[in-house]
Amino acid sequence: MPMTLGYWDIRGLAHAIRLLLEYTDSSYEEKRYTMGDAPDYDRSQWLSEKFKLGLDFPNLPYLIDGSHKITQSNAILRYIARKHNLCGETEEEKIRVDILENQAMDVSNQLARVCYSPDFENLKAEYLEQLPGMMELFSQFLGKQTWFVGEKITFVDFLAYDILDLHLIFEPKCLDAFPNLKDFVARFEGLKKISVYMKTSRFLRTPLYTRVATWGNK
């Protein structure tokens, strides 16, 4: 029986999850919820089901795999990754996985705060000033490795790809000074299953965020 991934009909927190499900050739189907337009942003499609699914902490995204019912995007990623040994093998690799998992979430939240703010234009200018330093840290962490944890791909590469691609949409030149990050993005998009998925109608590069956002909501 296929797994069910539930989320809004946007990219958001499900992007890395969808990519990982495709890369691992997992059998899954999606339940995509639609949010209404302004000013009400009606969420009844989701709210009508929210407390009926047997989730411990009802939220989006969720993954249901038989008796396993999981919320929190990184918990979902780790669940899928454990099935395919994509969590790092040595202690050093696992440390790098843990660091990047949390760093990616921090950066994702920072960008989302800017994009959801009514003061978007002012916050964008401040964010762009910090962006080169932020990307430099990712570049240093990757170094000359093929993937962020070493020569074998792990689930945090899916998070890193999501973060880098988000920022390329936000500021298309943001990786110009970091050839290793540009190469990483190209290498990731060149993975056979990812490349095939990106050509399907199921693939959502945008909208980045829900309709409540000031930027990235289309």
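Backbone N, Cα and C define each Cβ position, glycine as well.
Now, the feature entries from Swiss-Prot:
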- Tyr7, Trp8, Trp46, Leu47, Ser48, Glu49, Lys50, Asn59, Leu60, Gln72, Ser73: glutathione binding site (BINDING)
- Tyr116: substrate binding site (BINDING)
- 1-88: domain 'GST N-terminal' (DOMAIN)
- 90-208: domain 'GST C-terminal' (DOMAIN)
Specify the secondary structure state of Ser48 (glutathione binding site) as given by DSSP, simplified to three classes.
coil
Over the domain 'GST N-terminal' (1-88) the mean pLDDT stands at 98
Just how spread out is the glutathione site if you go by the largest Cα to Cα distance in Å among Tyr7, Trp8, Trp46, Leu47, Ser48, Glu49, Lys50, Asn59, Leu60, Gln72, Ser73?
21
How many Å lie between the Cα of the residue listed as 'substrate binding site' and the Cα of Leu60 (glutathione binding site)?
18
Number of Cβ atoms other than its own within 10 Å, given for Ser48 (glutathione binding site)
10
Among the binding-site residues Tyr7, Trp46, Tyr116, point out the residue whose Cβ has the most other Cβ atoms within 10 Å, with all shown protein chains included in the count.
Tyr7
Tyr7 (glutathione binding site) -> DSSP, reduced to three states, gives strand
